[in-house]
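First up is the structure itself, then whatever we jot down about it.
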């Protein structure tokens, strides 16, 4: 589902989900951030 994603600000490394649309995983910060 489209809502099964990581919202902005969540940890993203090692998670089973992708960052939500409009955000990306910042590797060094381990956070989903807006692009």
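Positions of Cβ are set from backbone N, Cα and C atoms, glycine also.
Keep in mind that this is a model prediction, so the values were computed, not measured.
What Swiss-Prot annotates here:
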- 5-20: disulfide bond (DISULFID)
- 12-25: disulfide bond (DISULFID)
- 19-32: disulfide bond (DISULFID)
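Nearest to residue 5 (disulfide bond) in space, judged by Cα atoms and limited to the disulfide-bonded residues 12, 19, 25, 32, is 19. Using a 10 Å radius centred on the Cβ of residue 25 (disulfide bond) and all shown protein chains, the other Cβ atoms total 17. Counting only residues at least six positions away in the same chain, the Cβ atoms of 5, 6, 7, 8, 32 sit under 8 Å from the Cβ of residue 20 (disulfide bond). Reported as a whole number, the C-alpha separation between residue 19 (disulfide bond) and residue 25 (disulfide bond) equals 6 Å. Shown are the disulfide-bonded residues 5, 12, 19, 32; of these, the residue with the fewest other Cβ atoms within 10 Å is 5.
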